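**Student:** Quick one: this structure, given as structure tokens, is what I'll be asking you about.
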Amino acid sequence: MGLQRLNSLTIPLVSIVFGLLAGAIIMLLFGYNPVEGYLALWEGAFGDKYFTGETIRLITPYIFSGLAVAFAFRTGLLNIGVEGQVFMGWLASVWVGTAFQLPTIIHLPLAILAAAIAGGLWGFIPGYLKARFEVHEVIVTIMMNYIALYVTNAIIRTYLAEAGGESTDNVAQSASLKTNWLSEFMGYSNVHWGILIALFGALVIWYLVERTTLGFEQRAVGFNRYASKYAGMNVKKNIIFSMVISGGLAGLAGAMEGLGTFGYMALHSGFTNIGFDGIAIALLGGNTAIGVVFAAGLFGMLKNGALNMQVGAGVPPELVDIVTALIIFFVAAGFMIILLKERIIGFFNKDKKQSKNQKEGK
Amino acid sequence: MDILGFLTTVVPTAFFYAAPLIFTAVGGAISERSGVINIGLEGLMIMGAFVGIVFNLLMGPVIINAFGSGFGGDLTPWLSIIAAGIIGGIFALLLALASITFRADQVVSGVAINFLALGIGIFFIKEVFGAGQTDFVDHPFNTTSIPLLSEIPFLGPIFFERTFYTNWLAVIVAVLAWYVMFKTPFGLRLRSVGEHPHAADTMGINVNRMRYIAVGISGVLGGIGGSVFALTVAQNFSASTISGQGFIALAANVFGKWHPLGAMGAAIFFGVAQSLSVISQGIPLLDAVPGIYLQIAPYVLTILAIAGFIGRAEAPKALNQPFIKGTR
């Protein structure tokens with residue numbers, strides 16, 4: 001148990017260090033100064049109020065997408081469909097935000113709830129197919145991403161945008177997560193109240209997974225599906241439930257974009273990458289709620305700071321994409337790090353043995 | 001519009017979209033038959049498109065210098081896809097290293113490969129060309145009429161006029177893969193490590209080496225698929241050059257039940273679906289269908305197919321399971 005706990009912390013940390021080191025090496029190879037590059041990145045993430053506000057803005061949906069992947073993973077499911085669920089949640093929140101005139105106290109929660117339901121329904125489909133027909137959720141969710149991309153575009157183009165328009169109207173002020181003074185306070189950045197909702201969401205998920213029967217069943221099914229079934233748990237129900245909650249969380253990530261950052265939804269020519277980054281965030285965060293918050297923080301910082309690398313040090317921001325990809329790669333190949341650690345420990349132990357032998361005059 | 005006119009419109013376009021998918025899907029089938037899920041096909045195609053275009057742009061002038069503009073110009077795209085295949089194969093070994101040696105979750109390492117390919121590609125493009133996309137290549141593949149075969153009445157104009165040699169190479173690769181996989185000892189070993197690695201191990205087959213080879217081949221074919229797409233359809237490289245073709249190839253492999261010829265059939269089907277949403281305006285009846293239905297059709301059909309509504313598909317049993325010697 002102790003060893004496992006150690007690994008669950010060392011693997012992500014070592015992976016981050018390796019990833020950043022690899023980034024430094026690439027910068028050196030292409031003739032940049034890595035210290036300058038990373039300083040520019042830090043500056044771009046937390047250099048002043050505006051940058052900090054933008055970083056928090058980016059972290060907000062990341063927390064939800066990370067939670068979405070992590071929650072499903074606890075049941076042994078890999079939800080690659082967060083991307084599509086984000087689209088559905090985004091669209092639903094913007095639709096409620098633009099279609100009604102209500103007081104804030106009803107309008108905002110309603111819009112957020114709509115996003116969760118839309119995402120949850122989009123997660124229900126792969127969950128149901130998995131539980132009922134044992135269809136691999138990875139393939140279904142990948143396909144659902146494309147369907148969501150095209151369907152949301154078609155709905156926006158046909159129903160929500162003005163004729164020939166590319167985006168919906170702005171959501172009503174009563175459904176917006178933005179307030180002027182907060183934005184002004186953070187250097188006129190796009191920061192919004194969603195971050196509080198995201199942190200609260202993480203707390204709820206932590207409680208749900210760690211402290212309730214439901215969460216226990218969730219984890220049990222993740223550990224061993226057959227043993228759980230033998231213990232009388234309804235495995236199929238758990239699988240569907242897990243995907244619905246996961247989709248709902250992803251939908252909330254969409255609401256953060258729809259009601260917070262953008263305030264509208266435009267046609268998309270491709271994916272937002274919020275969902276795909278969510279996989280990396282969940283993985284780095286060890287699929288725990290607290291870990292996800294930290295990992296989302298790191299990714300938000302890296303991605304937002306990267307934009308400043310071009311200005312500050314001339315480094316293309318895609319360097320950070322390489323670094324994050326490598327971090328996921330190293331976390332996934334965690335066994336490599338365990339082996340490496342054992343080698344190192346073994347090496348030192350051998351040293352000790354030798355010196356001990358020498359002392360004893362052998 | 002008569003039938004011949006209809007077919008000479010639809011078939012070449014469908015085939016043109018299908019060819020890159022055939023290469024990649026067959027590569028996916030080989031990898032997955034050995035027990036390694038290849039979510040990284042998208043990344044392998046990105047790598048292939050990137051290398052194909054960059055090689056074409058940078059080496060094209062050199063090759064033409066050496067061989068003259070006529071032959072050199074014809075040779076350049078072929079050398080480009082060979083380069084893309086080689087780099088794709090090497091790149092896939094990263095996936096193999098993580099999934100096989102380090103027992104990583106294959107899906108997650110595949111996702112990492114997809115990100116990595118895009119990051120490397122765009123970073124490099126910005127470094128060398130100073131922009132997020134490259135120029136258009138001077139030496140793409142061009143449509144040709146295949147001599148003799150295009151003379152065949154009816155079939156000739158449909159299949160062998162305005163076609164690419166790479167289309168037919170894709171078909172040959174699929175047939176070859178089928179032969180190797182189902183008619184040779186190598187193929188039997190390949191399938192056995194995907195079905196029951198421990199039994200294969202007992203029979204003296206080096207499971208991990210077989211898997212490395214399979215993933216490597218999928219990298220070569222994915223790289224070729226990506227570069228063929230880039231050198232026939234897109235003709236330049238940017239972040240959006242490969243947008244989902246790798247995932248469609250993955251779907252084609254599942255749709256085709258992990259069989260090279262099935263994968264080819266599914267890839268052609270997806271090619272038809274893609275081409276329909278491109279050319280539907282000109283075709284009676286289809287122009288009345290809203291574009292959205294044609295756009296989502298391949299994905300919906302894939303879900304229906306793997307849910308077993310279109311014949312039961314049985315995945316290789318050891319898919320996504322690392323092989324650890326001595327366990328059961």
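One is the number of the first residue shown, and numbering goes on along the chain from there.
Note that Cβ sites are derived from N, Cα and C of the backbone, with glycine treated the same way.
From TrEMBL, for reference:
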type: TRANSMEM; residues: A:12-35; note: transmembrane segment
type: TRANSMEM; residues: A:55-73; note: transmembrane segment
type: TRANSMEM; residues: A:80-100; note: transmembrane segment
type: TRANSMEM; residues: A:106-125; note: transmembrane segment
type: TRANSMEM; residues: A:191-209; note: transmembrane segment
type: TRANSMEM; residues: A:239-267; note: transmembrane segment
type: TRANSMEM; residues: A:279-302; note: transmembrane segment
type: TRANSMEM; residues: A:322-340; note: transmembrane segment
**Student:** Considering only Cβ pairs within less than 8 angstroms, which of the stretches A:80-100, A:106-125, A:239-267, A:279-302, A:322-340 has the most against the transmembrane segment (A:55-73)?
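**Tutor:** Stretch with maximum Cβ contacts: A:279-302.
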**Student:** Do at least three C-beta pairs under 8 angstroms join the transmembrane segment (A:12-35) to the transmembrane segment (A:239-267), pairs 6 or more apart in sequence?
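**Tutor:** Not in contact, no.
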**Student:** Counting CB pairs under 8 Å, which listed stretch among A:239-267, A:279-302, A:322-340 touches the transmembrane segment (A:191-209) the most?
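**Tutor:** Maximum Cβ contact count belongs to A:239-267.
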**Student:** Among A:106-125, A:239-267, A:322-340, point out the range having the most Cβ pairs under 8 angstroms from the transmembrane segment (A:279-302).
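**Tutor:** Answer, by Cβ pair count: A:322-340.
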